[in-house]
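Undergrad: Have a look at this one before I ask anything.
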Amino acid sequence: MKEESYFKQVDPLCSLDTGESPAAGPREQGEGQARGLRPPREGTCVGTLALCRAGPRGGSAKLRGLSPGAGRSAGRKWRRRAGGRAAAGRSGRRRSGRAEPAVLLSDAPPARTAVAMSSVSPIQIPRRLPLLLTNEGVLLPGSTMRTSVDSARNLQLVRSRLLKGTSLQSTILGVIPNTPDPASDAQDLPPLHRIGTAALAVQVVGSNWPKPHYTLLITGLCRFQIVQVLKEKPYPVAEVEQLDRLEEFPNTCKTREELGELSEQFYKYAVQLVEMLDMSVPAVAKLRRLLDSLPREALPDILTSIIRTSNKEKLQILDAVSLEERFKMTIPLLVRQIEGLKLLQKTRKHKQDDDKRVIAIRPIRRITHIPGTLEDDDEDEDNDDIVMLERKIRTSSMPEQAHKVCVKEIKRLKKMPQSMPEYALTRNYLELMVELPWNKSTTDRLDIRAARILLDNDHYAMEKLKKRVLEYLAVRQLKNNLKGPILCFVGPPGVGKTSVGRSVAKTLGREFHRIALGGVCDQSDIRGHRRTYVGSMPGRIINGLKTVGVNNPVFLLDEVDKLGKSLQGDPAAALLEVLDPEQNHNFTDHYLNVAFDLSQVLFIATANTTATIPPALLDRMEIIQVPGYTQEEKIEIAHRHLIPKQLEQHGLTPQQIQIPQVTTLDIITRYTREAGVRSLDRKFGAICRAVAVKVAEGQHKEAKLDRYDVAEGEGGREHILEDAKPESISDTTDLALPPEMPILIDFHALKDILGPPMYEMEVSERLSQPGVAIGLAWTPLGGEIMFVEASRMDGEGQLTLTGQLGDVMKESAHLAISWLRSNAKKYHLTNASGSFDLLDNTDIHLHFPAGAVTKDGPSAGVTIVTCLASLFSGRLVRSDVAMTGEITLRGLVLPVGGIKDKVLAAHRAGLKRVIIPQRNEKDLEEIPGNVRQDLSFVTASCLDEVLNAAFDGGFTVSTRPGLLNSKL
């Protein structure tokens with residue numbers, strides 16, 4: 001049992017000895033903001049009722065006959081002396097957040113006063129008392145009890161008497177035990193217990209949730225007997241007779257002689273009980289001092305409220321009006337408690353002094369710990385676990401700094417009771433520290449030849465990526481302590497970035513762990529939470545190391561370009577330390593609060609684009625581009641990996657289905673248009689499901705045919721004659737024969753399974769009139785072809801741009817029209833009226849189809865110039881030409897990015913000629929050889945070369961007539 005259990009019971013008495021508040025315990029002092037005596041608001045503390053006492057010259061005030069005016073004057077004197085505010089003033093002003101302490105009712109020395117006593121004359125309680133009916137517990141004189149008020153009459157009593165009263169007399173109630181208050185006013189009062197306890201209402205706390213109720217903190221004064229109930233509504237009021245004298249008990253020889261040995265025997269048992277407890281607990285030591293300082297006549301009531309007793313036993317003590325009878329009834333209770341403590345001490349195992357706890361003193365607590373039960377076993381198991389944990393810490397190979405922290409925490413854990421919330425947090429922390437792989441690692445497989453074979457078997461193409469992995473293996477052979485590289489695979493979706501990371505781990509013989517970063521917007525996901533927070537846990541990096549159990553795994557940081565940012569911090573900034581080879585050897589997680597070495601971890605990040613990655617984070621990673629696949633590469637990937645995987649997943653065999661390469665090419669060109677192979681894989685899955693249906697139906701029909709043949713055989717073969725009727729044949733043909741194996745997937749089967757083609761080769765049809773050109777664009781999903789359309793009409797010389805264009809693309813359009821206007825005479829370009837001013841009475845409209853897609857970038861400049869030149873010249877652009885490049889106002893063609901993806905997009909669309917900037921000629925080396933053979937590349941440094949390559953026969957330049965030489 002915790003120390004607070006003593007303190008709460010002895011609190012009214014201990015405060016007399018130490019000057020502490022007799023009312024407000026640790027829980028009450030922070031329950032809200034104290035207020036004046038107003039009706040309560042939800043969740044607020046109504047306030048502590050400050051009791052007034054007489055001034056230093058006025059002697060002790062008698063409760064009987066105390067007028068409201070006298071109470072207010074006495075209150076003003078007390079407030080001036082104590083420096084406090086009015087607790088029950090009429091202004092109802094807000095008070096401070098700390099509850100005001102209850103004030104003693106006399107000026108006698110605190111050590112000589114049990115509850116409220118006078119040194120001059122006995123104090124009399126009022127003859128008429130409002131009755132508070134309670135069935136929760138029994139309040140004895142000298143003790144404090146907290147009771148809940150939620151019934152109709154008790155609520156009315158609190159509101160009318162306590163909250164609106166302004167005198168000291170209004171804070172005195174009569175508490176009737178063992179009497180439930182009826183739920184409504186309409187019900188009659190139940191039979192009242194004959195003897196009650198006059199009490200001071202020290203504190204009132206109100207709340208409206210879940211229903212209106214009050215919580216009273218009341219302190220018992222003395223016993224009284226009900227003479228007559230005067231009224232029952234709105235709350236019961238009775239005429240009472242005081243049974244105990246509220247005065248200082250004279251500690252004289254006369255009283256001792258009257259009580260005789262009974263008082264001495266009671267005192268001996270009380271001292272024996274207290275000394276059996278742990279005297280190092282402050283509440284126990286204070287109780288021991290009170291036994292000597294308080295009059296022995298007050299001890300029976302006080303100790304009965306402290307030791308473990310039932311409400312029935314307390315009720316018997318309350319009914320014992322005679323002091324001698326009270327002593328006789330309390331002594332057996334003390335003896336029973338002493339015997340229980342002796343039994344516990346005999347059977348209890350010896351523990352350290354720090355683990356001693358006060359046993360059993362609150363009456364509302366029940367004995368739940370019985371020696372030899374399961375709780376003892378659980379305690380032993382917990383102790384064994386702590387010993388095991390300590391042994392693991394000693395034998396672990398963690399660094400010295402981490403070892404010191406663990407030793408310090410395990411010492412704290414031993415001194416900590418298991419009921420504390422911090423116990424579980426500390427234990428979880430120590431278990432994590434022990435489980436982390438501080439020096440445990442796997443041995444790398446450094447056979448380069450085997451690694452090359454394994455990578456080739458798992459992935460087709462990706463030569464640059466495979467080359468980088470083999471380079472790392474070669475360097476690891478030469479230097480063992482090489483730090484793990486930090487790679488970033490950038491490419492469109494579906495090209496195999498994540499699966500390559502898994503293959504790299506398999507090649508190296510390392511553990512693999514994937515961390516999905518898409519949508520992460522809290523830096524605590526990376527660096528963990530501090531242990532001061534409830535529910536704190538380490539970050540994903542430390543959790544991943546705990547999962548794999550080694551300190552040199554392959555960590556795949558997936559979708560690093562999709563990190564979020566919120567009020568909880570920037571996770572991209574937290575990754576700076578993780579992905580920096582010069583810093584991650586000393587990575588500190590907020591939860592661990594000790595450094596961990598990440599230098600042996602091989603980090604591989606994946607991203608679709610580098611545009612959304614912060615520059616500081618991008619600078620820490622080695623970027624490896626993973627472009628899209630060509631058609632030939634997709635066909636190889638399909639027949640090496642995708643089709644066998646789908647056959648295995650659907651329970652089919654190559655003897656049941658056959659997909660030729662021509663069909664695969666049709667799927668690639670007509671049903672998918674992507675840089676990766678994810679959609680292609682789904683199409684193969686749809687084909688396998690359709691074939692699985694046919695195979696299952698065929699097996700069912702084969703079984704039916706077998707049964708039919710058996711039935712025909714039993715019926716006799718003589719009916720099968722040469723001139724058999726056709727109906728018999730039709731009967732057998734109704735049962736369709738199973739399909740022939742293997743089922744061949746051709747174009748017609750594709751149309752039945754996948755539906756009509758989704759993409760058509762529409763290039764030639766769209767270039768059937770002037771004013772249309774094909775450009776090449778780059779997207780995070782790969783390269784795409786982009787049509788640019790232009791038209792002119794009579795107008796005021798305005799340029800209209802549509803298609804969700806960005807600012808850069810709009811500027812490219814203005815650059816193109818300005819360059820054409822300045823070179824209109826050179827190329828003989830005129831408007832509809834034949835003027836070289838192309839915008840003279842002419843409006844131009846440029847449109848970029850797929851208007852729902854946002855477009856931006858400078859690479860469409862040459863395409864816009866070619867489209868407008870076709871419009872004003874009336875000539876058609878070649879239908880097999882695509883182009884890309886940025887332009888300047890002087891007609892130069894500047895380099896752009898994404899050349900490989902754009903060229904692959906042109907190749908997928910069936911184009912034959914690609915115009916690129918001359919300074920991008922170096923990027924053609926990355927293009928696969930078969931694509932370079934199918935395409936012809938034109939490198940241009942100026943717009944003249946672009947126009948000559950885009951039109952059949954070139955774009956002629958009108959020659960000027962020669963100038964005559966002047967004779968001057």
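Every residue, even glycine, has its Cβ placed from backbone N, Cα and C.
Marked as region 'Disordered' by TrEMBL: 1-42, 57-102. As annotated by TrEMBL, compositional bias 'Basic residues' applies to 74-83. Taken from TrEMBL, the feature domain 'Lon N-terminal' applies to 129-338. Summarising the annotation, TrEMBL assigns ATP binding site to G491, P492, P493, G494, V495, G496, K497, T498. Taken from TrEMBL, the feature domain 'Lon proteolytic' applies to 767-953. The active site annotation in TrEMBL covers S859, K902.
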Undergrad: Got a sec? Which of these binding-site residues, G491, P492, has the most Cβ atoms within 10 Å?
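TA: Counting every other Cβ within 10 Å of each candidate, the maximum falls on G491.
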Undergrad: With the ATP site defined by G491, P492, P493, G494, V495, G496, K497, T498, which remaining residues of that chain have Cβ atoms positioned within 8 Å of the Cβ centroid?
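TA: Apart from G491, P492, P493, G494, V495, G496, K497, T498, the close residues are F489, T606, N608, V626, A675, G676, R678.
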Undergrad: Would you mind checking how many other C-beta atoms are within 10 angstroms of the C-beta on K902 (active site)?
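TA: There are 28 such Cβ atoms around K902 (active site).
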Undergrad: May I ask for the distance between G491 (ATP binding site) and K902 (active site), taken between their Cα atoms and rounded to an integer number of Å?
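TA: Rounded to the nearest whole number, the Cα-Cα distance is 13 Å.
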Undergrad: For K497 (ATP binding site), list the number of other Cβ atoms lying within 10 Å of its Cβ atom.
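TA: For K497 (ATP binding site), the 10 Å Cβ neighbour count is 26.
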Undergrad: Can you check which residue among the binding-site residues G494, G496 has the largest number of Cβ atoms within 10 Å of its own?
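TA: Checking each of G494, G496, the winner is G496.
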Undergrad: Could you state the whole-number distance in Å separating the C-alpha atoms of S859 (active site) and T498 (ATP binding site)?
TA: 30
Undergrad: Which residue, of the recorded positions T498, S859, has its CB surrounded by the fewest other CB atoms within 10 A?
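TA: Per-residue Cβ counts within 10 Å for the recorded positions T498, S859 bottom out at T498.
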Undergrad: About how far apart, in whole Å, are the alpha carbons (Cα) of G494 (ATP binding site) and K902 (active site)?
TA: 17
Undergrad: Averaged over the domain 'Lon proteolytic' (767-953), what pLDDT does the predicted model reach?
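TA: Averaging the confidence scores along the domain 'Lon proteolytic' (767-953) gives 89.
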